[in-house]
Amino acid sequence: MTDMPTLDAIRQAPKALLHDHLDGGLRPETVLDIAGQVGYDGLPSTDAGELASWFRTQSHSGSLERYLEPFSHTVAVMQTPEALYRVAYECVEDLAADAVVYAEIRFAPELHINQGLTFDEIVDAVLAGFAAGERACAGAGCPIKVRLLVTAMRHAAMSREIAELAIRFRDKGVVGFDIAGAEAGYPPSRHLDAFEYMRDNNARFTIHAGEAFGLPSIHEAIAFCGADRLGHGVRIVDDIEVGPDGDVKLGRLAAILRDKRIPLELCPSSNVQTGAVASIAEHPFDLLARSRFRVTVNTDNRLMSDTSMSQEMYRLVETFGYGWSDIQRFTINAMKSAFIAFDERLEIIDEVIKPRFAVLIG
């Protein structure tokens, strides 16, 4: 096989996904179906194709705040145990169909309480959907392991409660904690209590930082909060200088991020939609990869960005000329950075990822 991977070939490659929002990855048909069942009449279209196009167009807004607006529709149809179970189940199916072998999916339980569900009931429904999806995919010959991150909204005041939820479910499929939402005006340090609670319980967490806001957000996430990973982190490029001769000079923050091997959950297509970068070609992914940061490739929101892991990888291949060895490195980076036990990570790398890439690389 040639060293320039095609999209069809990439679809066969094993993938590891760390940054994907459950409420940003619904099938358009499912949104319509559940909306009809629960009587939600706020959708902009009753045609699946038109609805998918609307989500994509609305999300290509140029700002994170506007990018988040269409989520009101997906969240509206995820307010019952049955709906949460179905969305979780179909998420597993869709990822497995794209050859994802490991995924950490995140969502904010506090957005799903409109019909009186408790946080525990909400998480139970999602985990049950994941488990059933895993069983079905294993039976179909495309095994996948999916784990959950529970997210607190950074503008709200529930982060400690959500962190406690993460610990209650830590042995049932929840592997970590996150904060998300608009960055400007809502720094990570507002949620120190939640992060300290996670550290006190020897638990892992990631923080959305450096997506719409700059270096101060990243600095707080690392220095004050102790983040294990950074959600996006794309603005770390503001602390990197590239000279006329191509020499790369890292600032203090960029250097410690690289040297401590803090993973970056980069989401190229989403970053273009939110205006974090102007285009894939101008995305700092390649600069960060060449500078040996621990970069990972992610979808963020598959419905909103009309994307998949294969498409994200292929866009990088098209833009930066990556080959199979690069894709394998990004995949192993993600698997090394997962919030499951070391032996589980190693097993997936050695017994699934490397053997399947060996066939592709030839």
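Cβ from N, Cα, C; glycine included.
According to Swiss-Prot, the protein carries these features:
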BINDING   His19, His21, His208, Asp300  Zn(2+) binding site
BINDING   His21, Asp23, Gly181  substrate binding site
ACT_SITE  Glu211  active site, proton donor
SITE      His232  site 'Important for catalytic activity'
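Comparing His232 (site 'Important for catalytic activity') with the residue listed as 'active site, proton donor', their Cα atoms are 6 Å apart once rounded.
The recorded positions recorded for this entry are His208, Glu211, Asp300, and the Cα of Asp300 lies nearest to that of Asp23 (substrate binding site). For the substrate site, the Cβ centre of His21, Asp23, Gly181 serves as reference, and the other residues of the chain with Cβ at most 8 Å from it are Leu22, Gly24, Leu68, Phe71, Arg106, Phe107, Ala108, Leu111, Thr151, Ala180, Asn301. Asp300 (Zn(2+) binding site) sits 12 Å from Glu211 (active site, proton donor), taking the C-alpha atoms as the reference points.
Apart from His19, His21, His208, Asp300, the Zn(2+) site neighbourhood in this chain, defined by C-beta within 8 angstroms of the site C-beta centre, holds Asp20, Gly24, Arg106, Ala180, Gly231, His232, Glu265, Cys267, Ser270, Asn298, Asn301. Look at the recorded positions His19, His21, His208, His232 and count other Cβ atoms within 10 Å of each Cβ; His21 has the fewest. Of the recorded residues, His19 (Zn(2+) binding site) and Glu211 (active site, proton donor) place their C-alpha atoms 13 Å from one another. When Cβ atoms from all protein chains are considered, those within 10 Å of Asp300 (Zn(2+) binding site) total 27, not counting its own.
Reported as a whole number, the C-alpha separation between His208 (Zn(2+) binding site) and Gly181 (substrate binding site) equals 8 Å.
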